[in-house]
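Record features, source TrEMBL:
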- 1-19: signal peptide (SIGNAL)
- 58-77: transmembrane segment (TRANSMEM)
- 89-111: transmembrane segment (TRANSMEM)
- 94-146: domain 'G-protein coupled receptors family 3 profile' (DOMAIN)
- 123-143: transmembrane segment (TRANSMEM)
- 155-176: transmembrane segment (TRANSMEM)
- 196-218: transmembrane segment (TRANSMEM)
- 230-252: transmembrane segment (TRANSMEM)
- 267-285: transmembrane segment (TRANSMEM)
- 335-363: region 'Disordered' (REGION)
């Protein structure tokens, strides 16, 4: 779609160049046109009309930048693995195609009017703007979904939605041409500036819808996509200001300055180039950078950096690192109670001491095997074997 106006212009250049009489054209060659360019292409090289050379240079540079950015996105597309980022690649490529069309259409306003050229201007002006603003609108919907639900529609869905929205303006432009040119028999170049502006009402509605979607996307819960929403909102606001400026100048500024038919084409050409660069710098480049940049890798904490806050260490149990055979299990106080009591009583009778001895504190220091200890030792402990007491903190045996 974007290459169609450029191709048509090249074909018309070849056709006009072959049909012109070189003897008539060389009589009035403007200053700077020494490469064989003659009327009606003298604005491309006329140094007396500086606006033509400036628009041509800006449009050529913008077209080259859009092509390079599109090639970079296509070459690095396989590095984008996140679904949230891949969903925005389709609308970006479609927007770059529309931007390339805007820059190409600006060359149509550097050539003198004829019927075919006026048809091309009227048909593609609103269509290319609608394509660009539809891409802004679907990007706003995508960022809104990412900010609220943390998921986005697919890239094919967003691209199809943008194409469907821009097709409405194509139908409007086609009906306008059919009514004025075919049915009423008017010349394609004879139209009022107000009619031209009213035919772009749907484009302005798309721009306002994109502005609203960008505003809602900025209010999302996720802060990750707020930077993208800020860039989108900036692009929509600047585009709205640009449209207010060129529509006001096209409708009232030329008539007030007395330059009504002469400055119409320069105003429209400058609006095309300015809109293309605005979308390229304030939306296409930041969005492409956001989609192609790799996610930040989590860095390991620097334990020697005292400026960092101490991180909370994982609470672990040191018993997990101790083998099962060396763990200390809770003592079974009920095991060997009668056996130890009987042993203490017999020891008292042999020593000739009939005085009662404290049993509970003494029993707490006696080694009392548990069921787990018996299982690990290979069986139950015999009742006639009296276990030896462990040493105390002084190193002496208890008995």
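Glycine is no exception: its Cβ is also placed from the backbone N, Cα and C atoms.
Panel annotation: around the transmembrane segment (123-143), residues 1-2, 4-5, 87-88, 91-92, 94-95, 97-99, 101-102, 105, 152-153, 158-159, 161-163, 165-166, 168-170, 172-174, 177, 196, 199-200, 202-203, 206-207, 209-210, 212-214, 216-217, 220, 225, 228-229, 232, 235-236, 239, 268, 275, 279, 283, 287 of the same chain, lying at least six beyond its termini, place a Cβ under 8 Å from a Cβ of the stretch. Of the recorded ranges 58-77, 89-111, 267-285, the transmembrane segment (155-176) has the largest number of C-beta contacts under 8 angstroms with 89-111. Per DSSP, the secondary structure of the domain 'G-protein coupled receptors family 3 profile' (94-146) breaks down as 49 helix, 0 strand, 4 coil.
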